[in-house]
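TrEMBL has this to say about the protein:
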DOMAIN    2-182  domain 'KARI N-terminal Rossmann'
BINDING   TYR25, GLY26, SER27, GLN28, ARG48, SER53, GLY134  NADP(+) binding site
ACT_SITE  HIS108  active site
DOMAIN    183-328  domain 'KARI C-terminal knotted'
BINDING   ASP191, GLU195  Mg(2+) 1 binding site
BINDING   SER252  substrate binding site
Amino acid sequence: MTKVFYNEDADLNLLSERKVAIIGYGSQGHAQAQNLCDSGVDVIVGLRQGGESYQQADEDGFDPRPIAEAAEAADIVQILLPDTVQKQVYEEKIADNLESGNALVFSHGFNIHYRQIVPPEDVDVYMVAPKAPGHLLRRVFEDDQGVPALIAVFQDSTGQARDLALAQAKGIGSTRAGVLKTTFAEETESDLFGEQAVLCGGVTELIRAGFETLVDNGYSPEIAYFECLNELKLIVDLIYEQGITGMRESISDTAEYGDLVAGEDIINEKSREAMENLLEDVQNGEFAKRWLLENRVGRPSYIQRRENQRDHQIEKVGRKLRSMMEWQGD
Ligand code: NDP
Ligand code: MG
Ligand code: MG
(Lines of atoms letter the chains of each structure in order from A; the text may use other names.)
(Lines give C-alpha, C1' and ligand atoms only; values in the text may rest on other atoms or scores of the structure.)
(Ligands and ions follow the chains in the order given, each with its own letter.)
Protein backbone atom coordinates (compact mmCIF):
# COMPACT_ATOMS: atom_id res chain seq x y z
CA MET A 1 0.00 0.00 0.00
CA THR A 2 1.10 3.58 -0.69
CA LYS A 3 2.45 5.48 2.30
CA VAL A 4 0.00 7.90 3.86
CA PHE A 5 1.22 11.14 5.45
CA TYR A 6 -0.47 12.62 8.53
CA ASN A 7 -0.10 15.75 10.70
CA GLU A 8 3.08 14.51 12.37
CA ASP A 9 4.79 14.05 8.97
CA ALA A 10 4.34 17.70 7.98
CA ASP A 11 5.93 20.87 9.37
CA LEU A 12 3.98 24.10 9.03
CA ASN A 13 7.04 26.05 10.21
CA LEU A 14 8.48 25.59 6.73
CA LEU A 15 5.91 28.14 5.61
CA SER A 16 6.52 30.62 8.40
CA GLU A 17 9.17 32.54 6.48
CA ARG A 18 7.36 32.28 3.17
CA LYS A 19 4.50 34.19 1.60
CA VAL A 20 2.00 32.14 -0.40
CA ALA A 21 0.19 33.72 -3.37
CA ILE A 22 -3.10 32.07 -4.22
CA ILE A 23 -3.91 33.03 -7.81
CA GLY A 24 -7.67 32.73 -8.36
CA TYR A 25 -10.49 32.75 -5.83
CA GLY A 26 -12.98 30.26 -7.24
CA SER A 27 -13.84 26.81 -5.96
CA GLN A 28 -10.34 25.80 -4.85
CA GLY A 29 -8.89 29.30 -4.44
CA HIS A 30 -11.33 30.52 -1.81
CA ALA A 31 -11.04 27.31 0.20
CA GLN A 32 -7.28 26.89 0.08
CA ALA A 33 -6.59 30.59 0.73
CA GLN A 34 -8.87 30.66 3.78
CA ASN A 35 -7.68 27.33 5.19
CA LEU A 36 -4.02 28.35 4.85
CA CYS A 37 -4.76 31.71 6.41
CA ASP A 38 -6.53 30.08 9.38
CA SER A 39 -3.45 27.83 9.78
CA GLY A 40 -1.32 30.93 10.27
CA VAL A 41 0.19 31.07 6.77
CA ASP A 42 0.88 34.47 5.22
CA VAL A 43 -1.44 34.46 2.18
CA ILE A 44 -1.79 37.02 -0.58
CA VAL A 45 -4.61 36.58 -3.10
CA GLY A 46 -3.88 37.46 -6.73
CA LEU A 47 -6.86 38.29 -8.97
CA ARG A 48 -7.87 40.23 -12.04
CA GLN A 49 -9.69 43.40 -11.12
CA GLY A 50 -13.43 43.70 -11.67
CA GLY A 51 -14.16 39.96 -11.83
CA GLU A 52 -16.82 38.28 -9.70
CA SER A 53 -14.47 36.66 -7.27
CA TYR A 54 -12.67 39.92 -6.50
CA GLN A 55 -15.54 41.12 -4.35
CA GLN A 56 -15.78 37.77 -2.56
CA ALA A 57 -12.09 37.78 -1.67
CA ASP A 58 -12.45 41.34 -0.45
CA GLU A 59 -15.47 40.42 1.71
CA ASP A 60 -13.56 37.47 3.15
CA GLY A 61 -10.93 39.88 4.45
CA PHE A 62 -8.22 39.48 1.83
CA ASP A 63 -6.86 42.50 0.04
CA PRO A 64 -6.72 41.03 -3.48
CA ARG A 65 -3.82 42.29 -5.57
CA PRO A 66 -3.27 42.15 -9.33
CA ILE A 67 -1.90 38.74 -10.30
CA ALA A 68 1.58 39.94 -11.29
CA GLU A 69 1.93 41.89 -8.05
CA ALA A 70 0.91 38.92 -5.90
CA ALA A 71 3.28 36.60 -7.77
CA GLU A 72 6.10 39.05 -7.32
CA ALA A 73 5.50 39.46 -3.60
CA ALA A 74 5.29 35.73 -2.88
CA ASP A 75 7.79 32.89 -2.44
CA ILE A 76 5.19 30.26 -3.30
CA VAL A 77 2.78 30.87 -6.18
CA GLN A 78 -0.18 28.53 -6.44
CA ILE A 79 -2.23 28.72 -9.63
CA LEU A 80 -5.91 28.02 -8.90
CA LEU A 81 -7.45 29.24 -12.15
CA PRO A 82 -9.42 27.14 -14.66
CA ASP A 83 -6.96 24.79 -16.36
CA THR A 84 -7.69 26.27 -19.79
CA VAL A 85 -6.54 29.80 -18.86
CA GLN A 86 -3.52 28.88 -16.75
CA LYS A 87 -0.97 28.92 -19.59
CA GLN A 88 -1.82 32.43 -20.76
CA VAL A 89 -2.00 33.92 -17.27
CA TYR A 90 1.26 32.18 -16.34
CA GLU A 91 3.08 33.55 -19.38
CA GLU A 92 1.69 37.08 -19.11
CA LYS A 93 1.65 37.65 -15.36
CA ILE A 94 3.57 35.03 -13.43
CA ALA A 95 6.65 33.74 -15.30
CA ASP A 96 8.61 36.99 -15.02
CA ASN A 97 7.86 37.26 -11.33
CA LEU A 98 9.27 33.90 -10.27
CA GLU A 99 12.62 34.13 -8.54
CA SER A 100 15.19 31.42 -8.12
CA GLY A 101 14.19 29.19 -5.18
CA ASN A 102 10.49 30.08 -5.40
CA ALA A 103 7.84 27.42 -5.77
CA LEU A 104 5.13 27.06 -8.40
CA VAL A 105 2.18 25.01 -7.18
CA PHE A 106 -0.86 23.39 -8.79
CA SER A 107 -3.90 21.43 -7.70
CA HIS A 108 -4.14 19.49 -10.96
CA GLY A 109 -1.30 18.40 -13.23
CA PHE A 110 -2.77 19.16 -16.67
CA ASN A 111 -0.67 22.18 -17.66
CA ILE A 112 2.63 20.81 -16.42
CA HIS A 113 2.08 17.26 -17.63
CA TYR A 114 1.06 18.33 -21.13
CA ARG A 115 3.88 20.91 -21.28
CA GLN A 116 1.59 23.92 -21.54
CA ILE A 117 3.47 25.62 -18.74
CA VAL A 118 7.23 25.12 -18.81
CA PRO A 119 8.65 26.55 -15.59
CA PRO A 120 12.28 27.67 -15.19
CA GLU A 121 14.61 25.02 -13.77
CA ASP A 122 15.48 26.93 -10.61
CA VAL A 123 12.01 26.82 -9.03
CA ASP A 124 10.26 23.99 -7.21
CA VAL A 125 7.17 22.66 -8.95
CA TYR A 126 4.74 20.57 -6.95
CA MET A 127 1.08 19.73 -6.55
CA VAL A 128 -1.30 19.78 -3.62
CA ALA A 129 -4.59 18.37 -4.85
CA PRO A 130 -7.45 18.00 -2.39
CA LYS A 131 -9.85 15.22 -3.37
CA ALA A 132 -12.98 17.34 -3.03
CA PRO A 133 -14.57 20.50 -4.41
CA GLY A 134 -13.59 23.72 -2.67
CA HIS A 135 -16.75 24.31 -0.65
CA LEU A 136 -16.35 20.87 0.94
CA LEU A 137 -12.64 21.45 1.62
CA ARG A 138 -13.56 24.62 3.49
CA ARG A 139 -16.52 23.19 5.39
CA VAL A 140 -14.68 20.07 6.53
CA PHE A 141 -11.72 22.21 7.68
CA GLU A 142 -14.03 24.42 9.73
CA ASP A 143 -15.35 21.25 11.40
CA ASP A 144 -11.76 20.45 12.47
CA GLN A 145 -11.50 17.59 10.01
CA GLY A 146 -9.74 17.25 6.68
CA VAL A 147 -10.26 16.20 3.10
CA PRO A 148 -7.63 13.74 1.81
CA ALA A 149 -5.19 15.15 -0.73
CA LEU A 150 -2.57 14.06 -3.22
CA ILE A 151 0.88 15.60 -3.40
CA ALA A 152 3.38 15.26 -6.23
CA VAL A 153 6.74 16.78 -7.04
CA PHE A 154 7.58 17.60 -10.65
CA GLN A 155 10.74 19.59 -10.01
CA ASP A 156 12.75 19.78 -6.80
CA SER A 157 15.16 22.65 -7.12
CA THR A 158 15.56 23.51 -3.43
CA GLY A 159 15.56 19.96 -2.08
CA GLN A 160 12.50 20.94 -0.04
CA ALA A 161 9.71 20.50 -2.58
CA ARG A 162 8.15 17.43 -0.97
CA ASP A 163 8.26 18.92 2.52
CA LEU A 164 6.77 22.18 1.26
CA ALA A 165 3.96 20.24 -0.42
CA LEU A 166 3.30 18.39 2.85
CA ALA A 167 3.35 21.66 4.80
CA GLN A 168 0.78 23.16 2.44
CA ALA A 169 -1.32 20.02 2.63
CA LYS A 170 -1.25 20.43 6.41
CA GLY A 171 -2.21 24.10 6.06
CA ILE A 172 -5.39 23.21 4.17
CA GLY A 173 -6.24 20.51 6.72
CA SER A 174 -5.54 17.48 4.54
CA THR A 175 -2.95 15.80 6.76
CA ARG A 176 -5.74 15.44 9.35
CA ALA A 177 -7.29 12.88 6.98
CA GLY A 178 -4.24 11.56 5.13
CA VAL A 179 -2.13 12.61 2.17
CA LEU A 180 -0.93 10.29 -0.61
CA LYS A 181 2.06 10.81 -2.86
CA THR A 182 1.56 10.53 -6.60
CA THR A 183 3.14 11.92 -9.77
CA PHE A 184 1.91 14.64 -12.13
CA ALA A 185 1.45 11.97 -14.82
CA GLU A 186 -0.55 9.62 -12.61
CA GLU A 187 -2.78 12.34 -11.16
CA THR A 188 -3.50 13.97 -14.52
CA GLU A 189 -4.08 10.82 -16.54
CA SER A 190 -6.18 9.03 -13.92
CA ASP A 191 -8.26 12.16 -13.34
CA LEU A 192 -9.03 12.62 -17.04
CA PHE A 193 -9.70 8.92 -17.54
CA GLY A 194 -11.94 8.67 -14.48
CA GLU A 195 -14.15 11.61 -15.35
CA GLN A 196 -14.57 10.47 -18.95
CA ALA A 197 -14.94 6.72 -18.57
CA VAL A 198 -16.76 6.47 -15.25
CA LEU A 199 -17.78 9.53 -13.26
CA CYS A 200 -19.20 11.79 -15.94
CA GLY A 201 -19.11 10.35 -19.45
CA GLY A 202 -19.80 6.76 -18.47
CA VAL A 203 -22.50 7.48 -15.92
CA THR A 204 -24.50 10.05 -17.90
CA GLU A 205 -24.57 7.86 -21.00
CA LEU A 206 -25.56 4.81 -18.96
CA ILE A 207 -28.45 6.77 -17.44
CA ARG A 208 -29.65 8.05 -20.80
CA ALA A 209 -29.33 4.69 -22.52
CA GLY A 210 -31.35 2.95 -19.79
CA PHE A 211 -33.99 5.69 -19.86
CA GLU A 212 -34.30 5.58 -23.66
CA THR A 213 -34.57 1.79 -23.71
CA LEU A 214 -37.53 1.89 -21.32
CA VAL A 215 -39.26 4.83 -23.01
CA ASP A 216 -38.74 3.39 -26.54
CA ASN A 217 -40.47 0.26 -25.33
CA GLY A 218 -43.54 2.10 -24.13
CA TYR A 219 -42.79 2.68 -20.46
CA SER A 220 -43.65 6.10 -19.11
CA PRO A 221 -40.83 8.67 -18.94
CA GLU A 222 -41.63 9.42 -15.30
CA ILE A 223 -41.21 5.79 -14.28
CA ALA A 224 -38.05 5.52 -16.39
CA TYR A 225 -36.65 8.65 -14.73
CA PHE A 226 -37.15 7.31 -11.24
CA GLU A 227 -35.69 3.94 -12.13
CA CYS A 228 -32.64 5.02 -14.13
CA LEU A 229 -31.72 8.37 -12.59
CA ASN A 230 -33.33 9.16 -9.27
CA GLU A 231 -32.55 5.82 -7.66
CA LEU A 232 -28.94 6.00 -8.75
CA LYS A 233 -28.15 8.27 -5.83
CA LEU A 234 -29.42 5.74 -3.33
CA ILE A 235 -27.20 3.04 -4.81
CA VAL A 236 -24.15 5.32 -5.12
CA ASP A 237 -24.57 6.46 -1.50
CA LEU A 238 -24.50 2.82 -0.39
CA ILE A 239 -21.42 2.08 -2.50
CA TYR A 240 -19.71 5.24 -1.19
CA GLU A 241 -20.40 4.30 2.42
CA GLN A 242 -19.94 0.51 2.32
CA GLY A 243 -18.32 -0.48 -0.96
CA ILE A 244 -19.91 -2.62 -3.66
CA THR A 245 -20.25 -5.63 -1.35
CA GLY A 246 -21.93 -3.51 1.32
CA MET A 247 -24.37 -2.10 -1.23
CA ARG A 248 -25.24 -5.64 -2.32
CA GLU A 249 -26.12 -6.53 1.24
CA SER A 250 -28.72 -3.77 1.31
CA ILE A 251 -30.53 -4.47 -1.95
CA SER A 252 -32.99 -7.33 -2.53
CA ASP A 253 -31.72 -10.75 -3.57
CA THR A 254 -33.49 -10.29 -6.89
CA ALA A 255 -31.69 -7.01 -7.52
CA GLU A 256 -28.40 -8.56 -6.48
CA TYR A 257 -28.82 -11.59 -8.75
CA GLY A 258 -29.62 -9.24 -11.67
CA ASP A 259 -26.59 -7.14 -10.78
CA LEU A 260 -24.32 -10.19 -10.78
CA VAL A 261 -25.47 -11.66 -14.07
CA ALA A 262 -26.26 -8.57 -16.19
CA GLY A 263 -23.44 -6.12 -15.45
CA GLU A 264 -20.88 -7.77 -17.69
CA ASP A 265 -23.31 -7.85 -20.61
CA ILE A 266 -23.86 -4.10 -20.39
CA ILE A 267 -20.25 -3.04 -19.72
CA ASN A 268 -18.84 -5.65 -22.07
CA GLU A 269 -15.65 -6.37 -24.02
CA LYS A 270 -16.45 -3.55 -26.42
CA SER A 271 -16.88 -1.05 -23.58
CA ARG A 272 -13.56 -2.15 -22.09
CA GLU A 273 -11.91 -1.75 -25.46
CA ALA A 274 -13.33 1.77 -25.65
CA MET A 275 -11.87 2.46 -22.19
CA GLU A 276 -8.45 1.25 -23.35
CA ASN A 277 -8.62 3.55 -26.38
CA LEU A 278 -9.73 6.45 -24.24
CA LEU A 279 -6.85 5.89 -21.82
CA GLU A 280 -4.41 5.75 -24.71
CA ASP A 281 -5.64 9.13 -25.97
CA VAL A 282 -5.19 10.58 -22.49
CA GLN A 283 -1.69 9.11 -22.17
CA ASN A 284 -0.38 10.14 -25.57
CA GLY A 285 -1.75 13.68 -25.25
CA GLU A 286 -4.35 13.38 -28.04
CA PHE A 287 -7.22 14.26 -25.73
CA ALA A 288 -5.36 17.26 -24.31
CA LYS A 289 -4.54 18.45 -27.82
CA ARG A 290 -8.20 18.21 -28.91
CA TRP A 291 -9.43 20.04 -25.82
CA LEU A 292 -6.88 22.84 -26.14
CA LEU A 293 -7.71 23.24 -29.83
CA GLU A 294 -11.43 23.26 -29.02
CA ASN A 295 -10.76 26.15 -26.63
CA ARG A 296 -8.70 28.04 -29.17
CA VAL A 297 -11.56 28.06 -31.68
CA GLY A 298 -14.31 29.07 -29.24
CA ARG A 299 -15.53 25.63 -28.09
CA PRO A 300 -17.99 24.90 -30.99
CA SER A 301 -18.33 21.17 -30.39
CA TYR A 302 -18.50 21.57 -26.60
CA ILE A 303 -21.29 24.14 -26.87
CA GLN A 304 -23.26 22.17 -29.46
CA ARG A 305 -23.10 18.87 -27.55
CA ARG A 306 -24.07 20.58 -24.33
CA GLU A 307 -27.07 22.28 -26.03
CA ASN A 308 -28.21 19.05 -27.70
CA GLN A 309 -28.23 17.16 -24.43
CA ARG A 310 -29.81 19.92 -22.38
CA ASP A 311 -33.19 19.36 -24.01
CA HIS A 312 -33.18 15.57 -23.83
CA GLN A 313 -36.48 14.17 -22.62
CA ILE A 314 -34.91 12.96 -19.37
CA GLU A 315 -33.99 16.55 -18.51
CA LYS A 316 -37.51 17.80 -19.16
CA VAL A 317 -39.21 15.08 -17.16
CA GLY A 318 -36.58 15.48 -14.47
CA ARG A 319 -37.25 19.18 -14.01
CA LYS A 320 -40.95 18.41 -13.52
CA LEU A 321 -40.43 15.53 -11.10
CA ARG A 322 -37.79 17.28 -9.02
CA SER A 323 -40.19 20.16 -8.46
CA MET A 324 -42.48 17.59 -6.75
CA MET A 325 -39.62 16.61 -4.45
CA GLU A 326 -38.34 19.91 -3.18
CA TRP A 327 -37.44 18.28 0.12
CA GLN A 328 -34.65 16.50 -1.78
CA GLY A 329 -31.22 17.89 -1.10
CA ASP A 330 -32.11 18.99 2.45
P1 NDP B 1 -12.50 28.07 -10.88
O2 NDP B 1 -13.15 27.94 -12.21
O3 NDP B 1 -13.41 28.05 -9.69
O4 NDP B 1 -11.62 29.42 -10.88
C5 NDP B 1 -12.23 30.63 -10.86
C6 NDP B 1 -11.18 31.70 -10.57
O7 NDP B 1 -10.34 31.88 -11.72
C8 NDP B 1 -11.84 33.03 -10.28
O9 NDP B 1 -11.10 33.71 -9.32
C10 NDP B 1 -11.76 33.71 -11.64
O11 NDP B 1 -11.74 35.11 -11.53
C12 NDP B 1 -10.41 33.25 -12.12
N13 NDP B 1 -10.27 33.34 -13.58
C14 NDP B 1 -11.00 32.68 -14.52
N15 NDP B 1 -10.58 33.01 -15.76
C16 NDP B 1 -9.58 33.91 -15.59
C17 NDP B 1 -8.74 34.63 -16.49
N18 NDP B 1 -8.85 34.48 -17.81
N19 NDP B 1 -7.81 35.45 -15.96
C20 NDP B 1 -7.69 35.61 -14.64
N21 NDP B 1 -8.46 34.96 -13.74
C22 NDP B 1 -9.38 34.12 -14.21
O23 NDP B 1 -11.34 26.99 -10.75
P24 NDP B 1 -11.30 25.71 -9.79
O25 NDP B 1 -11.13 26.16 -8.39
O26 NDP B 1 -12.41 24.78 -10.14
O27 NDP B 1 -9.96 25.02 -10.32
C28 NDP B 1 -8.69 25.52 -9.97
C29 NDP B 1 -7.67 24.41 -10.11
O30 NDP B 1 -7.94 23.41 -9.14
C31 NDP B 1 -7.68 23.70 -11.46
O32 NDP B 1 -6.38 23.32 -11.76
C33 NDP B 1 -8.56 22.47 -11.19
O34 NDP B 1 -8.26 21.39 -12.05
C35 NDP B 1 -8.11 22.15 -9.76
N36 NDP B 1 -9.06 21.37 -8.98
C37 NDP B 1 -10.37 21.74 -8.93
C38 NDP B 1 -11.26 21.04 -8.13
C39 NDP B 1 -12.67 21.49 -7.99
O40 NDP B 1 -13.40 20.84 -7.27
N41 NDP B 1 -13.14 22.57 -8.59
C42 NDP B 1 -10.84 19.84 -7.39
C43 NDP B 1 -9.41 19.60 -7.43
C44 NDP B 1 -8.58 20.34 -8.24
P45 NDP B 1 -13.05 35.99 -11.92
O46 NDP B 1 -13.97 35.93 -10.75
O47 NDP B 1 -12.44 37.32 -12.14
O48 NDP B 1 -13.66 35.37 -13.15
MG1 MG C 1 -10.85 16.60 -13.40
MG1 MG D 1 -35.97 -1.45 -8.51
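Backbone N, Cα and C define each Cβ position, glycine as well.
Secondary structure at ASP191 (Mg(2+) 1 binding site), as computed by DSSP, is helix. Take TYR25, GLY26, SER27, GLN28, ARG48, SER53, GLY134, the residues named in the record as contacts for NADP(+): the widest Cα to Cα gap among them comes to 20 Å. Long-range Cβ proximity for GLY134 (NADP(+) binding site), meaning a same-chain Cβ under 8 A and a gap of 6 or more residues, is found for GLY26, SER27, GLN28, GLY29, HIS30, ALA31, GLN32. Cα separation, TYR25 (NADP(+) binding site) to HIS108 (active site), rounded: 16 Å. Spatially, by CA atoms, the binding-site residues ARG48, SER53, SER252 include one closest to GLU195 (Mg(2+) 1 binding site), and that is SER53. Each residue in the domain 'KARI C-terminal knotted' (183-328) has a pLDDT score, and their mean in this model is 96. DSSP assigns SER53 (NADP(+) binding site) to a helical segment in the three-state reduction. Of the recorded residues, ARG48 (NADP(+) binding site) and HIS108 (active site) place their C-alpha atoms 21 Å from one another. Among the binding-site residues listed (TYR25, SER27, GLN28, GLU195), GLU195 have a CB atom closer than 6 Å to some atom of ligand 2, in sequence order. Between the recorded positions ARG48, HIS108, the minimum number of other C-beta atoms within 10 Å of a residue's C-beta occurs at ARG48. The binding-site residues considered are SER27, SER53, SER252; of these, SER252 has the fewest other C-beta atoms within 10 angstroms of its C-beta. A C-beta separation below 8 Å, combined with a sequence spacing of at least six in one chain, links ASP191 (Mg(2+) 1 binding site) to HIS108, GLY109. A simple way to gauge crowding: the CB of TYR25 (NADP(+) binding site) has 29 other CB atoms within 10 angstroms, across all the protein chains here.
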